[in-house]
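Over in TrEMBL, the protein carries these features:
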- Glu356: active site, proton acceptor (ACT_SITE)
- His355, His359, Glu378: Zn(2+) binding site (BINDING)
- 59-251: domain 'Aminopeptidase N-like N-terminal' (DOMAIN)
- 289-492: domain 'Peptidase M1 membrane alanine aminopeptidase' (DOMAIN)
- 576-892: domain 'ERAP1-like C-terminal' (DOMAIN)
- Tyr443: site 'Transition state stabilizer' (SITE)
Amino acid sequence: MNDENGILMADTIMSATWMIVATYLLYSNTYATNVGTVQKRATEYVNSSTYRLPKSVIPDKYVIYLVPFHPEQFKFKGNVTITLNITEATDRVTLHANIMEINTWTVTKTSTEGVPVSVNETFQTESTDDHQFFILYLNDTMTEGSQYAVSLGFTGELRDDMFGFYRSSYTFNNEVRWIAATQFSMTQARRAFPCFDEPAFKAKFQINIAHYNNLTALSNMPLMATSDPDPELNGRVWDHFYETVPMSTYLVGFVVTDFKNITNDYANFTVWAREDSIENGNFSQIIGMALLQELERYTGIEYPLPKIDQVALPDFAAGAMENWGLVTYRETSLLFDEKESTATNRANIAMIIGHELSHMWFGNLVSPDWWRYTWLKEGFARYFQCTSLQIKYLEPTWRLRDIFLVAQQHEAFSTDSLNTTDSLNNDCSTPDEILAKFSTIAYNKGACVLRLIRHVLTEETFRKGLQRYLNERQYSTAEPYHLYSALHEQATADNRLSGVEGTVEILFEKWASQPGYPARFLLAASDDSSLKWTIPLSWTSQSGSPGGFNITTPKEWFYDTDATKKIADIATNDEWVIFNNQESGYYRVNYDYENWNKIAYFLESDVYENIHVVNRAQLLNDAFNLARAGQLSYETVLNVTRYLSREKDYIPWNSAFSGLSFINRFLRSSDEYSLFVSYVLGMIESLYNSVGFEQGDNDDYTTILVRASALSWACDLGHEDCILANQPIDDLSDSDYRILSNLRRVIYCSAVYNGDMADWNFLWDRYNNATLTATRTLIITALGCTKNTTILESYLFKSIDETSGIRKQDAATVFSAVYANRQGVDIALDFLVQNFDNVSVFYGGLGALGNAILDLGDRLTLNAQVEKLRQFIEDNESKLGTSLLSARKGLETAEENILWLDKNGETILSWLRKQTSDLETTALARTTAETTTPTDSAHKHSI
């Protein structure tokens, strides 16, 4: 019966299409005299609107039929019927449609058994208009409380830009295989079917897709039935999927592929990939099911849908997308090869899966009411991608809670310190503005603010509060006050805020509504910023360490109404004190000269580990960045770094390498650069020797990370014993030569750096022959390491050449690989300026271009470079679109960098000269002592 119904439904669409066309022609003739008036009215309405859809018409259910014609035409046709609830009397239906032709339409009132309502006229904005509206003007008013259905027939393009309903391909056995897939977040569902494309317009969806029998269609819900081949569609069959729960349009998804799969015993958790790659989906299958169970346990809510499919797509603009029940990924984000992939690949895959599965609750079950609150989904997902893995039966040894600080919070600080940065709750309207919301601020800072709240309320209260929030808002949308209210109710029940002035909303709302963060000057003058926050304060004194660092709930509060706050008896006069235990708060801390010196002196002692490892990373990151902002002397910062010759842990070294890389970038052109090289090599010598380059069977994840970092720095600075110093690239082609997967990036980069054109071409060939996407991505980065500027320029042109073999999703990675090379900064900048039209096409996916320009700005060290970037932004302001804000941030960073060098360069060199002089004096004294020691020893022995 289901098959027969499917055929009848398909036939109905075809016949209804012709009927509606005829009806439309009749209506157009009947009401031709009103067309000019309607068009004028529509134009005035669009021009005066705020880009948002009116709420007088609310979608309840969509029934969608789609026929992708690939590879014949790279087009698709379809029909959508939307059931509408009328909440306010109106004669207009306004919805979204973009880059499609709507050629048929009809409107019916459900209570009149399908009798059409006459349509006066329609109006569709141009594809270049940010409204992207399709408007139906009716001759009668739809009354409040009534229900209507609008049916629209349409055709669209299967483009290759990785947005909307798009096409992708791969080659298998010398045959090109075609794929049709979707990416609807944030405003691209309107490119696949006309819809109410805003997150608050949740509705049910029943999807039907036609395809050839040798292909498989997937959607959010399980397959309900498949029809017999349809002769009118060249033998295609119709797949009919079960109706979804209420959800936002951006979460709808479907793919048509010839992929193979790995599934569980119940066939409800499945990984899909190319036939020659599906064996690399085993890790994702195992870790995905474990993560889903953990998230169910944490939220107290079972996963709401009957199944989850995870699909690895060859071309995908984002890292992954949380379509409800059909999660799509880049291949690098889902496929793991036990022999060839790195430990970082493994961890990244696990975290990305954790991120996407977290969205099943935070974003899908409860969606942000509007995109200004993007952090209510992305902040949660970024937070849980780390915390959900660090439990005993998943990956506790990865120390992701510690890594969170250096990978998320410190990165957020860097972006959040710019004058051009917006707040978490900053509003947005146009599609470009909406895309710009998906930034470091929404992801990293959003996660950090949630972590801050969690430490204040405690883990148990935070978890219970989130369960309240999810249960109260499930299948609906939320604004921040809904979250604050649920957390406050739980905090009150658990007596967590006794004696604290204010509710959860009062305490934490400014962290989301204001840009930036506090940089408090404790034991010194107060911060005079016009922005104020209520700050939870925790601290540990020298005598209270190491145990004091484990207490992350606040001991005191610095309220936004406080100008200063005196805290008595936190430490004795000869002790240091460190604020912000485990960096649980989203703020930096500065101290007076005396406390910094006490900390630096203690770090050089044998008991330096009494300071928590996260706080050691915090001290380094705060010090480097406070100095960069002119709020701390570089002498003090460099004094703190002297202890690093003892440090073996990855977390502090990550902060150190981040801070040192900034200095390294600017001192490279100095005649005294060797002073810096000598100092850093001396610091990392002990670390370099302790980790070596041979991976042990029991090495944990952070050991693997710190080894790769140490070797990379040692090789980059010319360490004489570097494993790569005399490694000819020809050895890389020897089948008996095994490269440790976790060091392959370092090895490839060094080989290319020290090689010639033949060596570069050898690695380029290896890229083209690699089947694992993670390996191809690694090689793309390494190819940018060459010193040959001609090769670098040619490499950039390959990134905008469709025939080069570089996929569009990876084009921006080529650009970043070149400008990350000190020889490539000018080449990358000139390439951007001279080829921007092509660059914007190939690098444009989901903020990739903006991120590239932002990072390039941080690499500029010369006034001429900064002026060239400034002129480029001025000349292309209208073309930059979603990348404009990132470009301005990049320019701001570049301008600050130039000022930094003028102000701090000589101070740093002076400290390095003194350090070198002190070391030479110490070495001379040691030599003198060694020549006199035997006599002294003999004399003492005789006594």
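Any Cβ shown, glycine's included, is placed from N, Cα and C.
Each residue contributes its Cα atom, and for Tyr443 (site 'Transition state stabilizer') and Glu378 (Zn(2+) binding site) those atoms are 5 Å apart. What surrounds the Zn(2+) site, by Cβ distance within 8 Å of the Cβ centroid and not counting His355, His359, Glu378, is the set Glu322, Glu356, Ser358, Phe362, Gly363, Lys377, Phe380, Ala381, Arg382, Phe384, Gln385, Tyr443 from the same chain. Residues belonging to the domain 'ERAP1-like C-terminal' (576-892) score a mean pLDDT of 89 in the model.
Neighbour list (His359 (Zn(2+) binding site), Cβ cut-off 8 Å, at least 6 residues apart, same chain): Glu322, Lys377, Ala381. Neighbours of Glu378 (Zn(2+) binding site), defined as other CB atoms within 10 A of its CB across all chains, total 25. Of all Cβ atoms in the protein chains displayed, 23 besides its own lie within 10 Å of the Cβ of Tyr443 (site 'Transition state stabilizer'). Around His355 (Zn(2+) binding site), the C-beta neighbours below 8 angstroms that are at least 6 residues distant in the chain are Ala320, Ala381, Arg382, Phe384, Gln385. Taking CA atoms as the reference points, Glu378 (Zn(2+) binding site) and Glu356 (active site, proton acceptor) are 9 Å apart.
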